[in-house]
Amino acid sequence: MATSNERKPAIFLLSLGCSKNTVDSERLTAQAVASGLTFTDDVDEASIILINTCGFIEDAKKESIDEMLAAIGKKEEGIVREVYVMGCLVELYRKELSEEMPEVDGWFGTRQLPDVLAAIGAHYCEELYDRRELLTPPHYAFLKISEGCNRRCSFCSIPKIRGPYVSQPIEQLLREAALLQEQGVRELNLIAQDISVYGYDLYGKPALNDLTLRLSDMGFDWIRLLYAYPLNFPLEVIDTMRQRRNVCNYLDMPLQHINDRILKSMQRGIGRKGTEELIDAIRQKNPDIRLRTTMIAGYPSETREEFDELLDFVRQARFDRLGCFPYRHEEHAPAYALEDTISDKEKEERVGELMELQESIAASLNRKLEGQTLTVLIDRIEDNVAYGRTEYDAPEVDNDVIIEIGDEAVEEGEFRQVTVEDSTAYELFGRVGSECS
């Protein structure tokens with residue numbers, strides 16, 4: 001039975017993909033709320049479904065398409081009135097999608113915020129651009145410091161999707177950060193497709209360290225740096241981590257591979273020697289830093305010997321956090337011109353082999369934390385168990401600290417001292433102590 005849409009003028013927003021997409025969705029939500037619109041977490045209580053898609057890899061594309069089809073189904077059942085789709089997948093396939101899914105009421109790319117708002121009955125206001133309605137827990141947020149990318153990594157379609165690199169001015173980012181602080185944000189995670197070159201286009205020099213210092217002065221409890229590119233990385237940021245208590249001793253720097261031939265084909269602009277020298281310099285400047293990286297296994301023509309070289313490198317480098325993904329042959333990426341020579345089965349086996357190695361490294365590193373007392377930010381509480389993170393763990397991807405809280409008064413979003421009693425490769429188990437001031 002069709003439901004009366006007039007009685008529920010709410011929007012169901014589904015934000016897929018990365019944290020950069022999350023920020024886009026938060027900006028949109030803030031503008032829509034300022035125009036008097038409401039949002040609901042229950043799709044059956046909505047009159048409009050709005051999907052912010054991801055188009056980075058095949059699995060993400062499939063998820064986005066599946067969600068579109070589900071939304072169309074809700075429209076055909078009379079549960080919702082309109083369906084709109086925005087984001088990265090639309091940038092790549094707008095024509096094909098609109099032909100295949102005429103039931104969708106509007107398609108919008110990554111740079112069409114005013115148009116999306118107009119379609120759902122809201123008004124775009126430039127003065128509200130810095131405002132966001134958080135989709136994360138209220139104690140942490142992502143600060144997107146730039147748009148787009150000027151790198152030309154062969155496996156990546158982001159420059160085609162997001163356009164050229166554009167830094168956001170420092171003063172604008174400080175205003176946005178101040179608004180987030182007013183909302184109760186304690187942990188600020190700096191993100192971009194490439195944070196390493198932040199500021200070059202605006203100031204003619206690297207400005208990541210200047211931005212980090214200014215944000216540190218604002219008094220956030222934690223400031224975290226994510227998605228650094230190894231080429232042209234500004235090492236002075238590592239000095240700032242060591243000197244400023246509220247700048248986390250943590251860096252996410254995807255390396256993708258270590259073999260020189262593969263790195264050259266990937267168009268990374270840096271080889272093994274430069275990569276190893278950079279890692280050594282970072283660790284010498286800040287021995288307490290935790291490094292997270294990402295690798296790709298099964299890149300076109302990667303030989304067994306080249307993959308073994310990657311394994312040996314990871315074994316020696318002992319990264320604190322590491323993710324590995326099988327190479328995906330994406331039609332909008334430059335490497336699509338190469339022959340995808342390695343079977344999916346072999347790719348998955350290589351990923352498994354590398355992650356098994358990393359699991360043993362992570363387990364060994366975590367065992368060394370047993371008996372130590374660490375500062376932990378409590379993310380959530382479920383069934384009398386608290387889940388949190390140390391400064392060495394980014395939201396959603398790194399270690400959980402799991403705490404049986406018993407009769408302790410523990411709240412989400414607070415910092416507590418936790419003594420680690422046990423561990424696995426990706427979890428720490430502890431007991432809670434005092435609240436941090």
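Cβ coordinates come from backbone N, Cα and C, glycine included.
Swiss-Prot has this to say about the protein:
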BINDING   Cys18, Cys54, Cys88  [4Fe-4S] cluster 1 binding site
BINDING   Cys149, Cys153, Cys156  [4Fe-4S] cluster 2 binding site
DOMAIN    9-125  domain 'MTTase N-terminal'
DOMAIN    135-364  domain 'Radical SAM core'
DOMAIN    367-434  domain 'TRAM'
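Feature map: Swiss-Prot annotations on the structure.
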residue	record	Cβ contacts under 8 Å, 6 or more apart
Cys18	[4Fe-4S] cluster 1 binding site	Cys54, Phe56
Cys88	[4Fe-4S] cluster 1 binding site	Gly17, Asn21, Thr53, Cys54, Gly55, Phe56, Thr110, Ile161, Arg162
Cys149	[4Fe-4S] cluster 2 binding site	Cys156, Ile158, Pro159, Arg162, Pro164, Tyr165, Gln193, Asp194
Cys153	[4Fe-4S] cluster 2 binding site	Gln256, Met266, Gln267, Arg268
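Helix first, then strand, then coil: DSSP counts for the domain 'TRAM' (367-434) stand at 1 helix, 37 strand, 30 coil. Summarised by DSSP class, the composition of the domain 'MTTase N-terminal' (9-125) is 58 helix, 23 strand, 36 coil. Taken together, the residues in the domain 'Radical SAM core' (135-364) have a mean pLDDT of 96 on the 0 to 100 scale.
Apart from the site residues Cys18, Cys54, Cys88, the chain places the Cβ of Leu16, Gly17, Lys20, Asn21, Thr53, Gly55, Phe56, Ala60, Gly87, Leu89, Ile161 no farther than 8 Å from the centroid of the site's Cβ atoms, the recorded [4Fe-4S] cluster 1 location. Packing around Cys54 ([4Fe-4S] cluster 1 binding site) is summarised by its Cβ count: 20 other Cβ atoms lie within 10 angstroms of its Cβ, all protein chains included.
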